[in-house]
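Engineer: Residues or ranges marked as region 'Disordered' by TrEMBL: 83-120. Residues or ranges marked as compositional bias 'Low complexity' in TrEMBL: 83-96. Under the heading compositional bias 'Polar residues', TrEMBL lists 105-120. The feature region 'Leucine repeat I (LRI)' is assigned by TrEMBL to 176-236. Here TrEMBL flags 255-320 as region 'VHIID'. What TrEMBL lists as motif 'VHIID' is 286-290. According to TrEMBL, the feature region 'Leucine repeat II (LRII)' maps to 336-368. Annotated region 'SAW' per TrEMBL: 474-548, in sequence order.
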Amino acid sequence: MRTSPKHQNPATIRRLYDQPVKENDPFNLSRIQMLDNNASSDTGVQGTNVSFQTCKDQVFTLESSMAGAGFVAYDSPSAVSISSSRSPFSPHGSQSCLSDPRPSPDNTYGSPYSGSSVVDDSNKLKHKLRELELSLLGPESDTVDSCNGCFITGDHQAASMASFNCAQLVDLVPKFNLKQILVACGQALHDDDMLTVTGLMHVLEKMVSVSGEPIQRLGAYVLEGLRARLESSGSNIYRALKCKEPTSSELMSYMHILFRICPYWKFAYTSGNVVIKEVLEYEGKIHIIDFQIAQGTQWMFLIAALAKRPGGPPSIRITGIDDSQSNHARGGGLHIVGQRLSEFARSYNVSFEFHDAAMSGCEIQLEHLKVQPGEALAVNLPYVLHHMPDESVSIWNHRDRLLRLVKSLSPKVVTLTEQESNTNTSPFFSRYLETLDYYSAMFESIDVACPRDDKQRINAEQHCVARDIVNMIACEGPERVERHELHGKWRSRFMMAGFSQYPLSSSVTMAVRDMLKEYDHNYRLEEREGALYLGWVNRAMATFSAWR
């Protein structure tokens, strides 16, 4: 989540190294074979709890472009404060929340929130709340003014708040589960029914917990988003939400946890490296433009692979794009990335050059990219385009402008990874339902990998996931930077910019499937419409595609 109209780049789940460093493998790459499809194992770790005790000989490499954000880890969501500095993946419309067009009886994440039964339940709940209001306050309550979306004020408000106590509400809704109450609260807010919103938020306070079940943890951050939306709006929202940022080392530790237990960024790295290696394998001069360079770890694996090719390695030049706020998370500027990659390339006897462009993707112009004649160009867009405003936000439409700029460079290949979610142009309630659906699946996927009471896991979710949720619920206009689109929309944008889709080979699918053996069996991989879909159970979470 960001406070500035400058739209900066995300990072939620990036690769870090978690094995002790070996003297003969200073960059600790030997155990990860992202490009070697023949090295697959028949068995994998599935559903295993992960310990996060930090060893002094482990290498923690932050793959994040975020500056810090902070939540105070209390079960009471009212104690949770949200920093406004950055927005993670994070992992990411106006269409249905259904991500899988072929629903099945066990489709847990085919957008249960958007189904008519859940909405009907929320209407019943609102009706019961209205009956309670009338019994407590009398028919005068029919004239309560919602003050255009603000809390009701005056003596009537005091009477309402005094009578609408939490105990009565909890007694009123015993048959409604937490999901239904979350939906009902969002619908009441959409309908400007502030008395119902206030009452349901009191109920939610007693039901949510940052150390509870996945839906309870999600509910804690959704509740904070609802509060933030009520307290302010638009560009003013984060001026009322301030907290101390974690240190870069703390943030690195939080990110490290998610990088280990979730495959979302490894999905982007693995797919992108296989495609780029295939396309550029016989080129003598390679230039990679990475619009989300972070620590540059992805390119270590590609450099190592290209160094082994017959006839010797190519010369490689990388342009890393990153905004200034990433300095906090990384502990310094892009020169740190350049030094690290240069040292790695030297260890493999690869001719290497690094060029940094310390600015957001929205600010990039042709002269910043330093493209030279005779280079084979690859462009990497991992979880970054959805943070750029489109025509619904700005007349500049940086989302499509950037695609046209990239096309003008005549790249050999462009790799795109995005969250498979639909929150860009949809109205509040549709976006709210989609947020519940998507992040229910994400919290479930995190839940299988580590204990619920793990303090580091709590910190990781609060610092690295919750800000997306709050941003999508609380913000509108330029302040809402989490604007995801489904793959079909991205395909339309790329084709309008003059691109054609690059067909993915079986090697890409094999490499990703091999990578997923490290994770729970509920992660799914499917190829359709020329793209790879990474899912949790039956909910698509991210897509990868390649373009030329």
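Using the three backbone atoms N, Cα and C, a Cβ is placed for every residue, glycine included.
I'm curious about the neighbourhood of these features; can you describe it?
Structural biologist: Residues in the region 'VHIID' (255-320) partition by DSSP class (helix H, G, I; strand E, B; coil) as 34 helix, 12 strand, 20 coil.
On the 0 to 100 pLDDT scale, the motif 'VHIID' (286-290) averages 98 in this prediction.
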Engineer: Which stretch from 255-320, 336-368, 474-548 shares the most C-beta pairs under 8 Å with the region 'Leucine repeat I (LRI)' (176-236)?
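Structural biologist: Between the candidates 255-320, 336-368, 474-548, the best contact partner of the region 'Leucine repeat I (LRI)' (176-236) is 474-548.
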Engineer: Taking helix as H, G and I and strand as E and B in DSSP, count the residues of the region 'Leucine repeat I (LRI)' (176-236) in helix, strand and coil.
Structural biologist: 48 helix, 0 strand, 13 coil
Engineer: DSSP helix, strand and coil counts for the region 'Leucine repeat II (LRII)' (336-368)?
Structural biologist: 18 helix, 7 strand, 8 coil
